[in-house]
Amino acid sequence: MNGSPTPKRYSSKSSRLYDDYYNIPYQYSNPTPMNRDYNDVGSRINADKLVPEEYKRNTEFINKAVQQNKELNFKLREKQNEIFELKKIAETLRSKLEKYVDITKKLENQNLNLQIKISDLEKKLSDANSTFKEMRFPKVKDPMVDDDPVSENYDQINVPKHRAPDATGNPRTTNKVSNTSDQDSRLKAIERTLSVLTNYVMRSEDGNNDRMSPLPSPLNTISPINNRLNFQEPKRYNPTVKVNPSDDDIMMYESAELKRVEEEIEELKRKILVRKKHDLRKLSLNNQLQELQSMMDGDDNIKLDNVSKHNHATHRHSSQSSRDYSPSSDACLECSNDLYEKNRVKPENNMSETFATPTPNNX
């Protein structure tokens, strides 16, 4: 089928004069050949001579510029990715820094509060020590000096020369006695509290020292009796002996004391439990021993009843060597074995009943 747009009527089969004219390819167009090195005739064309040098230089420059542009774009993308990662890291570090700044501020405030508390406690302790010293060692006043200003003008006082022997004492002395009694009671109370505190602190300090370097036991020394007589219980650590013991030290000491008491209680419970177990075991063993003794006594009576006087002449033995002529035996060996086999059934039954574990009565 003819694919041309020309109708079929214009092409006659008789005359093929213009068929080749219409079928000439590339008549009205000049397409580029497939191989540019050759022209239509077939001769080789030198394309380098036709292209000017400026165009070649421009193309090389443009190609280099395009390649550089691609490389720079690739590097730019890498740098942008690095910048993005660094921004993420910076944000995380900034958040951590803010968090640590808040924590440091809180710790500084706590430290200031603790310092204030410590200073207050030190002041209270110094005041208490000063009052204790004043109460413990009061100033001795000069007996010739009197604090009363009236005594300075003693010439103006009319003192009677002759006093009655039954006159009451000086009211100043009575007041002084009452004041001294009150002071003594206060001093005794303070001394008691201080003694308790000092013992507490000395125990805690000695307890820590004992942990670091344990004392040798007095039983291992050369003279154990003297050491036992002169041996004193090691003092335990007590934080209150310090000048300004902290709350943590006191809490640690109290927890250690509680733990020690609990351990002692557990040890005593364990000893009591072991003692109870031993008592129960002893009771069961005593019961078992009594049953065995009763069984042995009963078996001996049965054997004595069953075994009669034996006469060797009534039995015919295989040989005379089998006879037992010992003074303690009344029968020969063969006859005694027969008697043993006959009487063995009863002891076995009794033994099975005896060796059953008895159940002790609950005390």
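Placement of Cβ uses the backbone N, Cα and C atoms for every residue, glycine included.
According to Swiss-Prot, the feature coiled coil maps to 62-136 (among others), an assignment based on sequence analysis.
Swiss-Prot lists 160-184 (among others) with the feature region 'Disordered'.
The phosphoserine feature in Swiss-Prot is assigned to S213 (among others).
The phosphoserine annotation in Swiss-Prot covers S217 (among others).
Residues belonging to the coiled coil (248-297) score a mean pLDDT of 89 in the model. Per Swiss-Prot, coiled coil is recorded for 248-297 (among others).
Taking all protein chains in view, 14 other C-beta atoms sit within 10 angstroms of the C-beta of S284 (phosphoserine). S284 (phosphoserine) falls within a helix when secondary structure is assigned with DSSP. The annotation phosphoserine is assigned in Swiss-Prot to S284 (among others) on the grounds of similarity to another entry.
According to Swiss-Prot, the region 'Disordered' annotation covers 310-331 (among others).
Sequence annotations record features per position, and here Swiss-Prot assigns compositional bias 'Low complexity' to 319-329.
Annotation comment: Swiss-Prot describes S329 (among others) as phosphoserine.
The region 'Disordered' annotation in Swiss-Prot covers 343-363 (among others).
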